[in-house]
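Below is one structure, written out as structure tokens; comments come after it.
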Amino acid sequence: MNLKRVSINTATPQPPKGRVLIVYTGGTFGMAYNSEGVLIPFDFGLILEHLPTLRNLALELTVISFEQPIDSSNIDPEHWQVLSRIIYDNYHAQDGFVVLHGTDTMAFTASALSFMLDGLGKPVIFTGAQLPIAEPRSDARENLITALEVASARKDGKPLVPEVCIYFDYELLRGNRSKKVESMQFDAFDSGNYPPLAKAGVKIDYNFSAIRHHQQSSLMLRSKIDPNISILKLFPGISSSTVDAILQTKGLQAVILETYGSGNAPTSDGLIKALKAAIDRGVIVLNISQCPGGMVTQGRYETSRELQKIGVIGGADMTTEAAVTKLMLLLGEYGRDRTREMISVSLAGELS
């Protein structure tokens, strides 16, 4: 994958207040009009022409761009590996990182990096835009400027937010708690089961009690991925053939069972038998609620007690995005037996 690197010193002639690496993957954010009035990706080496107010931040910026910008619908685990490697390789030279990413799969990528960058002690802030930076009403400018402020913010020589986050529409959210909830409004993301880490107004108001504390461990890159998982979303009238087609997929290691409410599912023999047969073959079945808020509590109702009996694992309040990426990473790094033990343990603040 070809990458382009540009250095931009917005601090001239003063010494920089911090060093931040911007990684541009693609997405709506970086589109500008060419001479024919067509939106095309702009050259990030010219970012100061689009955002002259960046000079007021007095930061030393480095930009690494994917030479061929990627629509986030085309993001896959290989791109997560590239991104995590970029951050790992530049970790000691930078105070923080900003990743510009399309919104459609941003929550997946942010979740993945929260697990891949084990021992992270610096900010990795994902942001993007609902309107291109060239549009008069674009949200791109504020999103980037505040993301850079957060990425470079320090107190007593230490980063204020040493974790992977999403900053969008005046809110800073934990990456692996986030979900895209809106395609037409600027408040595109929410974290229904966890409070914002900060809110931006006249000043940035940090919620320090919600921010993870760095444990002083060294950064380790965990980039082995096993993508052999699937999602089985329940709906009234789901057929046995649909269930069987998913659960009998060749090479399947784990399945996320998206259930109703607090982890409930139909008690029909067909579904329970199919799930039990998969579990008996060694497939991990993880129960995640379809609701954007609340948590799975298996055994609370009769309609989840059977799942508990046959060995379905309750996913608590994890998002589907966190569950997908966590399973892929654990399976790739440790295999199925360790994954079964570790999936219910909070690794990066993804569950309560």
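Yeah, the Cβs are placed from backbone N, Cα and C, and that goes for glycine too.
Summary of the site annotation: TrEMBL records substrate binding at Thr103, Asp104. Screening the candidates Ser72, Ser84, Ser114 against this entry identifies Ser72 as the one listed for that site. For the pair Thr28 (active site, O-isoaspartyl threonine intermediate) and Thr103 (substrate binding site), the Cα-Cα distance reads 8 Å. Of the chain residues outside the substrate site list Ser72, Thr103, Asp104, Gly27, Asp71, Ser73, Ile75, His101, Gly102, Thr105, Met106, Gly128, Lys180 have their Cβ within 8 Å of the site's Cβ mean position. Note: the domain 'Asparaginase/glutaminase C-terminal' (228-334) comprises 44 helix, 21 strand, 42 coil (DSSP; helix = H, G, I, strand = E, B).
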